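Pasting the relevant annotations from TrEMBL:
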{"type": "DOMAIN", "residues": "43-294", "note": "domain 'G-protein coupled receptors family 1 profile'"}
{"type": "SIGNAL", "residues": "1-24", "note": "signal peptide"}
{"type": "TRANSMEM", "residues": "34-51", "note": "transmembrane segment"}
{"type": "TRANSMEM", "residues": "63-89", "note": "transmembrane segment"}
{"type": "TRANSMEM", "residues": "101-122", "note": "transmembrane segment"}
{"type": "TRANSMEM", "residues": "143-165", "note": "transmembrane segment"}
{"type": "TRANSMEM", "residues": "199-223", "note": "transmembrane segment"}
{"type": "TRANSMEM", "residues": "244-267", "note": "transmembrane segment"}
{"type": "TRANSMEM", "residues": "273-293", "note": "transmembrane segment"}
Amino acid sequence: MWSSNSSSTCCSAFLLMGIPGLEAAHVWLSIPFTCIYIASLVGNCTILFVIRTDPSLHKPMYCLLAMLAISDLGLSLSTMPTVMSIFWVNYREISFDACFAQGYFIHSFSFLESSVLLAMAFDRYVAICYPLRYSSILTSARIGRIGLAALCRCLLGVLPSLFLLRRLPFCRSHVLSHAYCLHQDLIKLVCADVTFNSMYGLAMVILTVVLDQLLIFSSYVMICKTILSIASQKERLKALNNCLSHILAVLILYIPMVGLSMVHRFGKHASPLVHVLMANIYLLVPPLLNPIIYSIKTKQIRRGVLKILTSRKSF
């Protein structure tokens, strides 16, 4: 029997939640969730396969798109085991160490996606504002360094926060409010002073997500200035169309992310269903929609996907 007052019990395992009020329908809800995960995995793997097998796509823009697909895959694979175990077999228990490992990967891949979108904004800025210098500025070596810096920034930045949180005593309720482990959810269960952890988490969000948003916004201000200076309306529309996929990817990541952050900080009296809905949108929608957006809006990717589908039909 679980005891919410037992410190040792809370330190051995946590209980995850599905969708509050809809526990009886979890079996039926598993169908759309399974479809979302399958579509996300297939879509992002297809993007990676197309870029990997087509030498004409071994360019900075598509290398960054491959990084975005990897971060989306990581995000889907980080949440899928616990979400599917809850909806398929109603298994809600997760061990202490597994919970922190899952939280680490969820937050790392989420911040990595934000970093990749910032790099893609820089790519669009150089392509539109300095088209003649594009190949000399964004070399393969420089793209590799950008990717490595983004990876280190996220993986190393998230680690101290969860490492410090893991060392604190958990003596409150062992029940988490989501189907996966999130830092902002775990910190509510600590029965010690969490001021430093909260401040570090806030600083991490500001130095990654908020800073990324400001830099992306600044890059598009300069892009818009350049586009408006183009005399031909056709060329202006073409330049704007080249940014549309990236703009949509930015919106579907940051709008749910900001919404989830606002709900956790200011929506303490909101329905648990609101928290769960925002978290699921934030973690499930970007990996699902990004491959669709880029397959539709990017001609080279669309051609590669159609080539795969055609070859399979002929086979």
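Just so you know, glycine gets a Cβ as well, placed from its N, Cα and C.
Have a look at these and tell me how they're positioned relative to everything else.
Counting only same-chain residues 6+ beyond the ends of the transmembrane segment (34-51), those with a CB under 8 A from a CB of the stretch are 57-58, 62-63, 65-66, 69-70, 72-73, 76-77, 80, 83-84, 87, 284, 287-288, 290-292, 294-295, 301, 304-305, 308.
If you look at the transmembrane segment (63-89), the same-chain residues 6 or more away from its ends with a CB under 8 A from one of its CBs are 16-18, 26-27, 29-30, 33-34, 37, 40-41, 44-45, 47-48, 51-52, 102, 105-106, 108-110, 112-113, 116-117, 119-120, 123, 140, 143, 147, 150, 179-181, 249, 283-284, 286-287, 290-291, 294, 298, 301.
Using a Cβ-Cβ cut-off under 8 Å and counting only residues 6 or more beyond its ends in the same chain, the transmembrane segment (101-122) has close neighbours at 61, 64-65, 67-68, 71-72, 74-75, 78-79, 81-82, 94, 146-147, 150-151, 153-155, 157-159, 162, 180-183, 186, 204, 208-209, 212, 215-216, 219-220, 246, 249-250, 253-254, 257, 283, 286.
Outside the transmembrane segment (143-165), and at least 6 residues removed from its termini, the chain residues within Cβ reach (under 8 Å) are 60, 63-64, 67, 100, 103-104, 107-109, 111-112, 115-116, 118-119, 122, 183, 186-187, 190, 194, 196-197, 200-201, 204, 207-208.
Within the chain, the transmembrane segment (199-223) has long-range Cβ neighbours (under 8 A, six or more residues past its boundaries) at 111, 114-115, 117-118, 121-122, 124-125, 128-129, 153-154, 157-158, 160-161, 164, 183-184, 187, 239, 243, 247, 250, 254, 257, 261.
Within its own chain, the transmembrane segment (244-267) has Cβ neighbours under 8 Å at 68, 110, 113-114, 117, 120-121, 124, 184, 205, 209, 213, 216, 220, 274-275, 278-279, 281-282, 285-286, 289-290, 293-294, 297-298, counting only residues six or more beyond its boundaries.
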Express the predicted model's confidence over the domain 'G-protein coupled receptors family 1 profile' (43-294) as a mean pLDDT, rounded to an integer.
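Per the prediction, mean pLDDT sits at 88 for the domain 'G-protein coupled receptors family 1 profile' (43-294).
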